[in-house]
Amino acid sequence: MHFSFQYTKVWIPDPDEVWRSAEIIKDYKEGDKSLHLKFEDDTIYEYPVDLKTNQLPFLRNPDILVGENDLTALSYLHEPAVLHNLKVRFLESNHIYTYCGIVLVAINPYEQLPIYEQDVIYAYSGQNMGDMDPHIFAVAEEAYKQMARDEKNQSIIVSGESGAGKTVSAKYAMRFFASVGGSASETNIEEKVLASSPIMEAIGNAKTTRNDNSSRFGKYIQIGFDKRYHIIGANMRTYLLEKSRVVFQAEDERNYHIFYQLCASASLPEFQDLALTCAEDFFYTSLGGDTTIDGVDDADDFEKTRHAFTLLGVKESHQMTIFKIIASILHLGNLEIQAERDGESCSISKQDEHLNNFCRLLGVEHSQMEHWLCHRKLVTTAETYIKPMSVQQVMNAKNALAKHIYAQLFNWIVEHINKALHTTVKQHSFIGVLDIYGFETFEVNSFEQFCINYANEKLQQQFNSHVFKLEQEEYMKEQIPWTLIDFYDNQPCIDLIEAKLGILDLLDEECKVPKGTDQNWAQKLYDRHSSSQHFQKPRMSNTSFIVVHFADKVEYQSDGFLEKNRDTVYEEQINILKASKYQMVADLFHDEKDSVPATPTVKGAAPKISVRSARPAVKAANKEHKKTVGHQFRNSLHLLMETLNATTPHYVRCIKPNDEKLPFKFDPKRAVQQLRACGVLETIRISAAGYPSRWSYHDFFNRYRVLMKKREISKNDKKLICKTLLENLIKDPDKFQFGRTKIFFRAGQVAYLEKLRADKFRAATIMIQKTVRGWLQRVKYRRMRDAAITIQRYTRGHLARRLADHLRKTRAAIIFQKQYRMLRILHAFQKIRNATITIQAFTRGMFVRKIYHKILLEHKATIIQKHARAWLARKQFLRFKCAAVVIQCYFRRMKARQELKKLKIEARSAQHLKKLNIGMENKVVQLQRKIDDQNKEYKHLNEQLSALTSTYSADVEKLKKELEQYRQNRGDSNQLVNLRKEIESLRLELENAHSERKIIEDTYDKEKDLLQKRVSDLEEENALLKQEKEEFNNRILCQSEDTVKENLLMKKELEEERSRYQNLVKEYSRLEQRYDNLRDEMTIIKVMEEAPGHRRNPSNQSSLESDSNCPSVSTSEIGDTEDAIQQVEDVGLDKAAMDMTLFLKLQKRVRELEQERKKLQTQLEKKKSQVKDNEMDSDRDTDLAYNSLKRQELESENKKLKNELNELRKTIVDRVTQNNSSNDIQDSYTLLLNQLKSANEELEVRKEEVLILRAQIIKAAQQKDAGKNMVIERGNPFLSAPITDYSLPDWGYLNEDGELGLAYQGLKQVARLLEAQLQDQRREHEEEVETLKTQMETLREEMEKQQQAFFQTLQLPPEAQVEFGIQQEITRLTNENLDFKELLEKLEKNEKKLKKQLKIYMKKVQDFEGNSGFRHELTRQVTVQRKEKDFQGMLEYYKEDEPLLIRNLITDLKPQTVSATVPCLPAYILYMCIRHADYINDDQKVHSLLTSTINGIKKVLKKHNDDFQMTSFWLANTCRLLHCLKQYSGDTGFMTQNTAKQNEHCLKNFDLTEYRQVLSDLSIQIYQQLFKIAEGMLQPMIVSAMLESESIQGLSGLKSMGYRNRSSSMVDGDNSYSLDAVIRQMNTFHSILCDQGLDPEIIQQVFKQLFYMINAVTLNNLLLRKDVCSWSTGMQLRYNISQLEEWLRGKNLQQSGAAETVEPLIQAAQLLQLKKKTSEDAEAICSLCTSLTTQQIVKILNLYTPVNEFEERVTVAFIRNIQANLQERNDPPQLLLDYKYMFPVLFPFSPSSITMDSIHIPASLNLEFLNEV
């Protein structure tokens, strides 16, 4: 069977481009000597074919596979395909990352890309590797996930040559771990891990010809994690620091950055002691020429380095010592060595400035260092010689010392970084990041390149074995027969280097020889290894050798190998440094023989893993090695390999695209060289040798079902369908294998299947085109036929309409004639008729007027008669009335005289006088006693006051005497007179200023009059201007659009401000949570510490108060200060800073508060002492006795009253039964009232008698001796023990009832109470005296300050004295003004409060009057019945029941308990409790209840932080409580919708505005927690439902997958969700929110936020995934969005703004579906995609991938056209949307229509202790 090769595309080798694409234009047959090709530039070329090997060129992949994320997904796997795919992705799509199996290939763009922000980290966090575009974050996430899933340590190996971007990749990987695995504690270990980077870059990186920031050492950083996979610490190992760079740099290179940073900051004052200048002045920093780097600020970098040192805990003293050591190295390099005449010795001048600085900075002796720099010590068996050195030997020794000092300092810094990153917590696992040098080859290769390439040989061996192992595991897992694949093994090359008598062994042996040379060592290598295939000798050299590495041949120059391997430093110089006076310098060089500086041991390795080598260790030589550099490097490398072999490795290969460091320039030669060197092509070769293309059965079925027949698709078993299809299509069974879950293909088979699929589509397309064209022709014919019929129809219609128009006009003319004739006759008839009617009207009017005059005269006569008769009747009535009044007066006078006689007789009787004077004597006695007591107190106070005034006057006189003595001593009385004169002159000037002010005021009045006249003139002109107003109105209408825009901007700013505030609330809640955690930890620690003896906290220290942050009801002074602070916040800090009065006011308030604090402290101390005294003196038994006596008195009185009441009731009942008439009932009722009055009077008389007795007993007690009283009281059983019933009969001698005994005992208690009151008054007087004393002290202090100020003024010159006096006067006046202002504000506030209280009391008085009137009406009824009062919507509870209320109503309440009641029932119950506390005016109760409520809600939310129903329940209740506090606050703005009944439920006494703010903040926190829960439930579904599920069947056309298989492609995967699942979840959210009674506005905001999250997550995933950027995905996406919009309409949420949030996603879907060819298409895209940024549009176009070959790729020119059209946009720079962004939430006021008295409390709440008021 012959296949046609014509039009097949192939790859041809090219010397410039490495590989060049061409097309076969003539069919090739076997045996042809050449291929006829045509290049892309249409040039013809004949490619010769070797007939022996018959080696044809490589085939090119189909265009649809170009640009793949994974190179192993290519159908043809070979070098040109890999190179071309990387080039297309790098240059056309600007993608720098590409997968190659398990390797991530990273190409350095030499440009800062916006793909490393925090939102990108969040986007890759939690994603499967392969689900997103290739990225360093994807590799880091895969390592982190495997560590958590498999509990195995991981390693990320970053390699590449200098300038490829290794350090940056490692840095970003560590930043990812720091963000994702943030430390659980607050040690911020992740910040320390990141802070180590600038330090290591400063001391270990330098500028080279290939890289401006090249790492000149290798490092392996282990990041440790705990069991919860939070970062707990880190450890760093370094390898082979390039010490030679300290003393030598090639042209256009620099030394390490730290030297230049220190020189750039030498001008700082703290570095003046270092004696540094610019970098050009030092030998060690100027060898490379230019000392600066473009775009790098060394001084700024140095500040970052110092900050990193501080962050890692390096002390300032150690930092300065580090900088001194670095500066000393620079000074050491500038030493001037003078040769002596003999040429064998040399010296250094003692006056050498740099030697002095070197010794001073290191703290060593100058003379010794000067001597041993030029001499060396030779030790033999017999004696010791000191030998001078030549200039060259001194230079070598000096350079060796400089390198050694820097290396030791480098190791010290690494060690301290490890100490700072070390943790005491047990390490569970770790992730290692290896940033190591790649394969290097230069023109001159020395010892450093040899070690680097040796390390790369070891890493390549590990990489090959790992790739081979993974391939084998994959085949074994899929149960495919495993055939051995031959791959390159570089073990012989490694043995050549490290085996016994290998290169390193021979080098160490030569170093031990006393006179060993590099030439001798090279000769030994020739003799030993000349037969090895990996070792070669150059033809033209006897001092160099060639090693054949896996990447390339490298020729090494043996010169310098021995010296660098020995790394010798003279012991005498080291001993001098050990004796340094600086401890840190001495520590650098101590114990260096016992440690390997380059390889600090690893601490904290996981205990689960036993680290073993992958193969037997190389046997060491017989003799013990001296610790040479090569030996140390080999040991550290073995340790590294053991660590890597014990972990799961992940590989990142960095590629340098060009040597010029130009952005996005690709050099194919350099790229291929690095691809070969880093092992990428070896990975491709291993993959291509087996089955590189792998498809899951599900994906293969979806992609190639077009090749199946209908009867095959009808089968249910997809595996069987795929097997039958492949057996029919591919006849060779070796080309594919069926695995357990995947189908494996040989190279090229997928391309063959794609060709068959394209042919099938092409045939189907031709059929569709044929059918469509026939249909179009038929449609065209029908359209022409219909057009002809239509023309005929319209023509006929036109003729018919013309005839009808003629007939219509003829008929109309006839009608016009008829109407005209009729109108003419009608007008004539109307004239005659009007004239007749006018004559009749005048005639009838004349007759009617005559009749009217006659009737008018008759009516007037009737009125006159009526008035005359009425006058006569009134006169007769008045005569009768006067007679009756006279008779009544005489009769009443007679009765009054009789009554007067009776009263006079009664007044003369004694009983009447007694009744009047009952109780008056007692009252007089009591008042007299009070007057005496007050007089005594007044005298006592006067005496104390006089004593105080006398002491004060004495002090004042003393001070005056001292002042006079001081004046006499000074003798400057003349100066005081001069000052007084100057003050008088200043007063005169002030009076003149006042007079001038009056003159100015007069002129102001005159000008005011003139201005008023001018105003009148202007008003006249205003009338003229009104005409112009209309024109301006038109302009204003035009400008209204601008105002609308400004309003929109203002709204936007308001939204931003609100969002900032809510972010602060969110941050506050986070800090509050952190505070709670810390507090819990502290309590645990305290419990552990106080376990032997637990102490209880004082009861007044409530943890709830500290936690709530709620303000209490403040006093007036505190309110003033808070008002001032509020003014500062309202005005702003800048303006407030300029308000001096406000500042002085606050300052004064601070002083007052400080004084009050001192007073309170003194009072507290006195109270404590008084409490101690009272505790010693008080006796609890006396209180019990007093209470029992009082209770017995009340019980006896109560019994008597009850008996009398029962008797009265009986009499009433008897009267009612005897006589049922109304008069008798009234009489009985009056009798009852009289008896009650008499009983009350009798009770008052009894009370007054008891008071008299008590007064007499008090007098008797006062007359007795005080000592006897004490004895009697102590011996009295009534005081020492509680009185019981058996002691009552002892008082029978007084009277029968024992009342006098009770009274006597009660009077004793009253005496004690009076004594207590006297003591309280005494304390108050003492406190007043103390306040007076404090006032005196303050006055004294002020006087001393004034005296000091006065003495200071006396010392000043006269002008300064005047200025100082004026300043003092100004400050005094301002203070007085502030005091008056404060007083005025206080008075205004008090006035407002009094007005408010007056209104409340007026209302209470009115209610009381109404109630009293109501009671007065009730007194007229016959029977007295107790009427039940209505429920007033208040709930009363006792203070001790508050915890029970919070527990039953908040902490233990479940939403299901109140689901069948009124929504938000707990909020209403809480408000009714608050209202009762307000009603009784108990501010402490209000504060305590609100504080407990807020803390209880926080506790519930903390406990149920993942329960959506509970969180929504408390969001609804918190909002309802907030609305209730607003609705019933009394503010008119919130009461507009209240009913009259609801207005009665308003709060009366307290303003809870501050608590409303606290509840609003709490609502914001609950809302944020609610969205966080919803986000956690919904986010895992979004990507799968929106982008991956097939909402429209048959649209998905997946392409071939590489090594990274997508989780979404698994048909039975747990992570696959459909759009129905998302809609079901949102239905659940919506039903829960509605059931909880949440406000509709808040529900709308919740779903607006959820839709924004859906938009952001989906769009971010779309922007980071190449496989979903296709036309079919756009179609699916648009359908899914329409389903979501339909859901919004079904739930009546279209007004929420949620649909607008998904507008960017809609435009992205449209962008995927639009044409992308012409400039018109570009303009259409730019006009359509207004919600997408320029970067997002360009990114989607770059990612756009055709699913079929019929689609065309987006050209680079089209993308450039889009960018040119979008240049004018000012879009934000970020690529991804912040899906964590939250819109500022609003809680609009929503009053409730429910009244408080209509709410029923169910019994299930267990709130029986609440009483309805």
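Every residue number used here counts from 1 along the chain in the order it is shown.
Just so it is clear, glycine is given a Cβ too, placed from its N, Cα and C backbone atoms.
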TrEMBL tags one of 637-659, 683-705, 1787-1809 as region 'Actin-binding' - which one? 637-659
Stretch carrying region 'Disordered' according to TrEMBL (options 513-539, 1161-1187): 1161-1187
Would you list the DSSP helix, strand and coil counts for the residues of the region 'Actin-binding' (637-659)? 9 helix, 8 strand, 6 coil
Averaged over the domain 'Myosin motor' (66-758), what pLDDT does the prediction give? 83
Can you name every residue in this chain, apart from G160, E161, S162, G163, A164, G165, K166, T167, with its Cβ inside 8 Å of the center of the Cβ atoms of the recorded ATP site? N108, N211, S214, S215, G438, C654, K656
Using a 10 Å radius around each Cβ and counting other Cβ atoms from all shown chains, which of the binding-site residues S162, T167 yields the largest count? T167
Residue counts (helix, strand, coil, in that order) that DSSP gives for the domain 'Myosin N-terminal SH3-like' (5-57): 0 helix, 24 strand, 29 coil
Let's check the environment of G160 (ATP binding site): how many other CB atoms sit within 10 Å of its CB? 27
